[in-house]
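Notes follow the structure.
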Amino acid sequence: MTTSSIEPRNSYKRVMLKLGGEMFGGGKVGIDPDVVDNVARQIAEVAKSGAEIAVVIGGGNFFRGAELQQRGMDRARSDYMGMLGTVMNCLALQDFLGQHGVECRVQTAINMAQVAEPYLPLRAERHLEKGRVVIFGAGMGMPYFSTDTTAAQRALEIGCDVLLMAKAVDGVYSADPRTNPDAELFTEITPKEVIEKSLKVADATAFSLCMDNNMPILVFNLLTDGNIARAVNGERIGTLVQS
């Protein structure tokens with residue numbers, strides 16, 4: 001359903017921000033420092049306002065396991081390569097957050113003691129309570145699970161109020177807005193309607209996790225400066241998926 005209401009949504013205290021790795025590359029292989037710095041600045045502004053922010057980043061700017069599998073590579077091995085790509089993105093974001101005066105911890109699902117903490121949900125919650133940003137790397141630590149699913153699972157385990165899905169479009173549309181000028185933007189929609197309309201919000205496993213556990217999903221455009229703060233503060237941007 002769409003809505004014309006201008007009433008603000010609830011603001012959120014603890015959020016999970018899911019970032020696509022492709023965004024970190026600026027459309028290329030590797031890391032675009034200008035993009036990462038811009039994202040870090042936006043996250044830092046929100047963290048300094050008192051919100052608690054956890055982050056999951058994809059690794060698509062380095063490797064995409066499913067695509068490598070299509071070229072004949074073993075799926076599990078290619079997924080592990082993708083997990084390593086996510087860690088590189090995590091370390092880059094950690095560094096830029098530090099430049100903006102925000103303490104940050106990286107936790108990985110694969111043991112990398114020299115560069116990150118292991119994933120420990122209770123420790124992650126303590127970091128958040130102390131005002132630190134926590135970035136989760138290496139996906140779930142197992143092949144066949146996407147970083148969308150990681151974001152949903154981590155959000156549930158550490159008690160986030162909402163899963164913020166940062167995209168390169170304004171939200172969830174009735175059709176692809178890049179090819180259909182009549183595509184309608186949904187401002188609010190229920191999980192049931194998402195399924196009935198065959199809309200793409202997150203991968204099926206991540207969406208099911210959120211739907212089954214009543215975790216709201218807010219899909220919004222990361223490319224609009226200040227949108228992370230707007231999403232956290234409850235301004236009416238993007239598409240809110242909730243029952």
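Note that Cβ sites are derived from N, Cα and C of the backbone, with glycine treated the same way.
Since we're looking at a predicted model, the values are computed, not measured.
Of the residues D74, D79, D161, Swiss-Prot places D79 in the same UMP site as G59, M140, G141, M142, P143, Y144, F145, S146, T147.
If you count neighbouring Cβ atoms within 10 Å for each of the binding-site residues Y144, S146, D176, the highest count belongs to S146.
Near G59 (UMP binding site), with the C-alpha within 10 Å of its C-alpha, lie none of the binding-site residues K18, Y173, D176.
Put simply, S146 (UMP binding site) is 22 Å from Y173 (ATP binding site) when counted between their Cα atoms. Local packing around the binding-site residues L19, M140, M142 was summarised as the count of other Cβ atoms within 10 Å of each Cβ; on this measure the leading residue is L19.
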